[in-house]
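As annotated by TrEMBL, transmembrane segment applies to 12-45, 65-88, 100-122, 142-167, 205-226, 246-267, 299-321, 370-391, 403-422, 434-451. According to TrEMBL, the feature domain 'ABC transmembrane type-1' maps to 62-269, 366-491.
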Amino acid sequence: MTHSRGKAAEAFLFLLLWLLPAAFLSVFFVLPLGRIFALTFSAFIGQASPLQELWQAVRRPLGFTFYQAILSTLLTLLMGLPMAFIFGRYRFAGRRVLRVLSTLPFILPTVVVAAGFNALLGPRGWLNLLLMDWFNLPQPPILFLNSLAAILTAHVFYNLTIVLRVVGGAWENLDPRLEQAARTLGASGWRAFWEVTFPILRPSILAATLLVFLFDFSSFGVILLLGGPRFATLEVEIYIQALQLLNLPLAGLLSAIQLLCTLLITLAHHRLTGSQRVQLAPRLQGEGLRPAGEWAEKFAVTGLLIALTIFILSPLTALAVRSVTRLEANRGERTTVQSGLTLDYYRELFINRRQSLFYVPPAAAARNSLVYALETIAISLGLGLPAAYALNRGRVTRRWLDALLMLPLGASAVTLGLGYVLTFNRPPLEVRSFPLLIPIAHSLVALPFVVRTLRPAISAIPPSLSQAARTLGAPPARAWLEVDLPILSRP
């Protein structure tokens, strides 16, 4: 009787684990998008031949979305894989600092990144001003903004850390003795890599590739700010149709196409990484790292690390210097620019010169950002922890729940916002009177990252630890608080 009660309690606990995140996603993701999709398809029902017109409206943004996402992903891998090898195999000074520095672009707002590249490579960017001054040029020689090159560069800048973290982390945990054993048996360096190292790293490389492609596919701010109106992806076209042309049916259709593509990418990610995973024995952190050996090896490693540092810091440094520099062209001379240091731009932050109703003081903006961030962390952890446990324990629910958790990454923010306005328009969940909807919307995007961070940590906890605590008389809640939680809390 006691054993059956324990089984029933465990089954009920598992039900709650996946029911909480599933209910959250159903209410705050599926329901708003369902409202938009219902409006979309009801508008197209009864039309004579809408397919040809719809295809003409969808063909160009859909094609360019795939085109730029593929190019951006290939360039990110081309630059990220050598860096992942360096971080996963070598020990060098400043390794931790560079690892943190590589994460900085991923957390920066799109406006900041666009302003940084504009300050560096824009018409009045530092590099153009320098070349115009040296060679007495009448026009900026580098036409970077509103180009495909700007989009691709910004995407690599943003997503490089994904390859470094995912592939570099797997490479670091890979036992170098496997490749050494192959070399001992007579295999060359390349053969040992392709037949031993690469098959083990393949799931991590595929996971990073699909994740980078997903972010490039759903990119919005980079395309809008750096690409200009000529380069319209699905997300930008949704924004134009919904907010500028007020064509909600077409915007909803584009969102449905984007969501379907995201679902297919997510299922491919789950299938490829789940079916080809190689289990290795746990190893100490940094055990396989070694310093660079010969001078050629040191030269290559140092050169790549310097290139990474310049690539990350140059737009941010250009923006920081530009914020304290006033640029003024002499009257009648387009090529001569006088510069001087100033703090006027920082003083203007605290002055509402135009008496705008939308002006927010910097202190209030920082406070709002901090409050929203803390609320997002609380919601994401509160839902991500049970979701990670549910994905680790349930085999039947794992596939569809994992795919459902990834869907918000590919959903259009514009469409989701319109869905919130249309769905939550009555108390108590009213957009204007319920500010918690903002961190809830942020949590939809943060939840997949929380789950994917916690799942490996949870699966690495030996079940014998909690079983021993329960054998000694600790209830399940106390066993989790004193065994699992301290392990998960470690950095």
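First residue shown is number 1, and so on along the chain.
A Cβ is built for glycine as well, from the same backbone N, Cα and C atoms used for every other residue.
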Under DSSP, the domain 'ABC transmembrane type-1' (366-491) has how many residues in helix, strand and coil?
98 helix, 4 strand, 24 coil
May I ask which of the stretches 142-167, 205-226, 299-321 has the most CB pairs under 8 A with the transmembrane segment (65-88)?
142-167
What same-chain residues lie close to the transmembrane segment (142-167): Cβ under 8 Å, and 6 or more beyond its ends?
68, 71-72, 75-77, 79-81, 83-84, 87-88, 99, 102-103, 105-106, 113-114, 117-118, 121-123, 125, 127-128, 131, 201, 204-205, 207-208, 211-212, 215-216, 219, 222-223, 226-228, 230-231, 311-312, 315
May I ask which of the stretches 12-45, 100-122, 299-321 has the most CB pairs under 8 A with the transmembrane segment (246-267)?
12-45
Same-chain residue ranges lying at least 6 outside the transmembrane segment (100-122) that approach it to Cβ under 8 Å:
83, 128, 142, 144-145, 150, 153-154, 157-162, 164-165, 220-222, 225-226, 308-309, 312-316, 318-319, 321-322
